[in-house]
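What follows is one structure encoded as structure tokens, with my remarks underneath.
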Ligand SMILES: C[S@@+](CC[C@H](N)C(=O)[O-])C[C@H]1O[C@@H](n2cnc3c(N)ncnc32)[C@H](O)[C@@H]1O
């Protein structure tokens, strides 16, 4: 079973001009993206190879930019935020160096990390069209503990940053039949949601 996450980063910078000493401020909450990547993949002395994580950046100067991380292919990435930010900086640099007419495909930057000019909704729709189940993580959804998932079923989780995903994308998810699922009666950080999702699925299937 493949676990995929698609994260909307409303304000994250879309140039490689990343100040590694200011991930939350001038980089538009890049710290949060890095923590989500860390939570998506890293176990103690191991990596989750059955996970794919997408982050779509909508900050200035060139939105959108999507970055894809493939657990089974990642090399030399470590769990700390600064290390992950360095790989994201490399991906954005690769994007800038790619001719504009080639940017709509996935371009590999470093092993297991690709970059593309894809919209948040476009990636979700691709997954839907592949027949995958789309689960939107939201405080007001159905309790995830009660949601049945087959052991071999591929699931795609959608989540937002500190701002959320916005009304238009929520309407889009409703239109394509995404299921709204809740992890807690409290509003959580996105990276903590990823940890909880893994924990619930690990207890069921590992
Ligand atoms: C900090 S929250 C976003 C808060 C934002 N103000 C909003 O209204 O959406 C970040 C993301 O985590 C997910 N999330 C937060 N709390 C959750 C919960 N209790 N259950 C499921 N997902 C949750 C949602 O996808 C949300 O977009």
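Glycine too: its Cβ is placed from the backbone N, Cα and C atoms.
The S-adenosyl-L-methionine site recorded in TrEMBL includes 137, 183, 184, 185, 186, 187, 188, 193, and the single candidate from 150, 160, 166, 177 that the record places there is 160. For ligand 1, the neighbouring binding-site residues among 137, 183, 185, 187, 193 are 137, 183, 187, 193, by Cβ distance under 6 Å.
Taken residue by residue with DSSP, residue 193 (S-adenosyl-L-methionine binding site) is part of a helix.
Under the three-state DSSP scheme, residue 137 (S-adenosyl-L-methionine binding site) falls in the strand class.
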